[in-house]
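Everything below concerns the one structure shown next.
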């Protein structure tokens, strides 16, 4: 209409979430049911993810661990129940707002173009473009590459890396994002012993710094050593939840995994060790 001045649409600047208090719930699922391919995958799951803690999702193949992680990330829709991030249903957040609040590491990472390692890590800074923290980009990228030990091949094409190297670059991207909620799906799966320990130490460090970390693990000894709490899944439900010392009971694990196991403390550290029972 002539004479009417229309408002200029200016993209909003990213606003970071306020610092979380220790123990604050940064993500939660209540009565969560998820169907994939017409079949139920999660059935009535309740879980909370708290600032300052590492929560490990464990359980046999097909138990629903990755699906639960995807639901907490707002990447997998709920058929019933609610998923909240920073106190609000995930549907209330826009994609850019979610990207400031949670960072996600999928099981596998692949790229169609020959991006260099540093370019891949820099992708983690995309949510902050145009915001007050954009000036942190260089430091965030450099720190993430150093912590994951990928700085030595920063210029190499991502597609030319080994599986373990790709996994560490993908983790560096997540760390560079500097979101207060980290959702990591099997981050140690392709790694050697040394780098498995490196990744879990980074998880603990992020939790000590006040972040909330959710990690899907198959190695129960790693979960016992590094997680504050574990959620043991079986057939789409949480069979038990709590500190590893409470959940990792020999009888329960043997039943859930349908495999006899032995649980005993490490003779020096006291950390729980879980090993399959083997006949002599």
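Every residue gets a Cβ built from N, Cα and C, even glycine.
On a predicted model such as this, the values are computed, not experimentally measured, just so you know.
What Swiss-Prot lists as ATP binding site is 59, 60, 61, 62, 63, 64, 65, 66, and the listing cites sequence analysis. Taken residue by residue with DSSP, residue 61 (ATP binding site) is part of neither helix nor strand, so it is coil.
Marked as domain 'ABC transporter' by Swiss-Prot: 26-260.
Counted over every protein chain shown, other Cβ atoms within 10 Å are most numerous around 63 among the binding-site residues 60, 62, 63. For residue 59 (ATP binding site), the same-chain residues lying six or more positions away in sequence with a CB closer than 8 A to its CB are 65, 232, 233, 234, 239, 256. In terms of local Cβ density within 10 Å, 66 ranks first among the binding-site residues 61, 66. Across the domain 'ABC transporter' (26-260), the model assigns an average pLDDT of 96.
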